[in-house]
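Undergrad: According to TrEMBL, the active site, proton acceptor annotation covers Lys36, Tyr275. If you look up TrEMBL, you'll see Arg135, Met323 marked as substrate binding site. Feature annotation from TrEMBL assigns domain 'Alanine racemase C-terminal' to 254-382. The N6-(pyridoxal phosphate)lysine annotation in TrEMBL covers Lys36.
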Amino acid sequence: MHTNSSIELNQTAYQNNIDFLRKTFGKKVQFSSVVKGNAYGHGIKEFVTMAYDCGVSHFSVFDVEEAKLIKEALADKATIMVMGLVQEIDMEWIIANNVEFFVFDKIRLNQAIKAAKKLKIVAKIHIEAETGMNRTGFEKRELSAVITTFKKEKEHLYLKGLCTHYAGAESIANYYRVEKQIKKFEEIYQYLCDNDLRPEIKHSACSAASIMFPKTRMDLVRIGIMQYGLWSSPEVFVNYLSTKKNKTDPLKRVITWKSNVMSLKKVSIGDFIGYGTSFLAERNMKIAVIPIGYSHGYSRSLSNQGRVLINGQRCIVVGSVNMNMMTVDVTDVAAVKKDDEVVLIGSQEELTVSVASFSDFSNQLNYELLTRIAKTIPRKIIE
Ligand SMILES: *Cc1c(COP(=O)(O)O)cnc(C)c1O
């Protein structure tokens, strides 16, 4: 267990985000909380526990390993949907545990039938349709065979949903591509219904699509990044604001990442700091060493760039981010001492380091930055 830093999840902020999203989508749209990538770095078990306490009971994950972690945290209280990887050896576990899953090729469909027959339990399937992303999903021409199989095996298969995923709804540049996908998805839905295979629900929206293309909300939305209090892109945020009188951000950041000063040192003018020559002291300086490095998810590209908060002041990273440590300039932080709190993401007194500012510096998307935060750092829920 790392003791060099800690992560706090703010339940009040999360409840605020959920209330906002529920109000935006309306009562008829089911909310699925997307918690792949260790709940976008928030810590999957702690996060789903908090989400459940805020009234969320449907979770979407990438693979069976993540589904198992939700089971450990919430037992059978939540509905779980696996959107990505299901290996053959996990097929029986997934069906026996009443976990729903996407099926996007014949191999998986046949594995599901085989396991369902063996267990005598009906497999709850979401057929994923290829609509233009060209990643996973049945092609339209494959669907007639899928329909035939479904009818033949109807004691073993339940068609819970029809779904698809959009290829970049967060950017206006992809507007026509996404519109074409929406149209194609509706055609496929109609085709299934015309052939007497009506899915219980249909779903397609991620965060960006749910805001940019409200018609994609359908019966269920799969929301990742927005529930954590961040927008998929500045375009999505601006698009949201454009129709609103109140121009403030309705979302609140859930995560805070903190560490402490490990050591302090004086450096003389003309000396280099850290490996090599990337930082030359141009004045006499005071440096704080922070026990956080790229092995904990603090990107090396934040070398000489990143900002942290110490004693209510913004301090810049000097020299390169190392594997387990980095150095920050505290020359102008008068009272700094060993063990003082260091905020890597979050607020301290009047100042904030937002996830967005952090990822702009390192040219990473919000998503990538968050999921890189080491799994071993303890997560704690605060009210
Ligand atoms: C990750 C993912 C989502 C959620 O995306 P956000 O942009 O974080 O809301 C929805 N659907 C699928 C298939 C995904 O992989």
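Every residue, even glycine, has its Cβ placed from backbone N, Cα and C.
Annotations in TrEMBL come from automatic prediction, not curation.
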Undergrad: Given the model, what does the mean pLDDT over the domain 'Alanine racemase C-terminal' (254-382) come out as?
TA: 94
Undergrad: Fewest other Cβ atoms within 10 Å: which of the recorded positions Lys36, Arg135 wins that one? Let me know.
TA: Arg135
Undergrad: For Met323 (substrate binding site), which residues of its chain lie six or more apart in sequence with Cβ-Cβ distance below 8 Å?
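TA: Result: Gly293, Tyr294, Ser295.
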Undergrad: Around the Cβ of Tyr275 (active site, proton acceptor), how many other Cβ atoms lie within 10 Å? Please give the count over every shown protein chain.
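TA: I get 11 for this one.
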Undergrad: What counts of helix, strand and coil residues does DSSP assign across the domain 'Alanine racemase C-terminal' (254-382)?
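TA: When I sort the residues of the domain 'Alanine racemase C-terminal' (254-382) into the three classes, I find 20 helix, 48 strand, 61 coil.
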Undergrad: Rounded to a whole number, how many Å is the Cα of Arg135 (substrate binding site) away from the Cα of Lys36 (active site, proton acceptor)?
TA: 17
Undergrad: Under DSSP, is Lys36 (active site, proton acceptor) helix, strand or coil?
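TA: Reduced to three states, the DSSP call for Lys36 (active site, proton acceptor) is helix.
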Undergrad: Between the Cα atoms of Tyr275 (active site, proton acceptor) and Lys36 (active site, proton acceptor), find the distance and write it as a whole number of Å.
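TA: Given the Cα positions, Tyr275 (active site, proton acceptor) is 36 Å from Lys36 (active site, proton acceptor).
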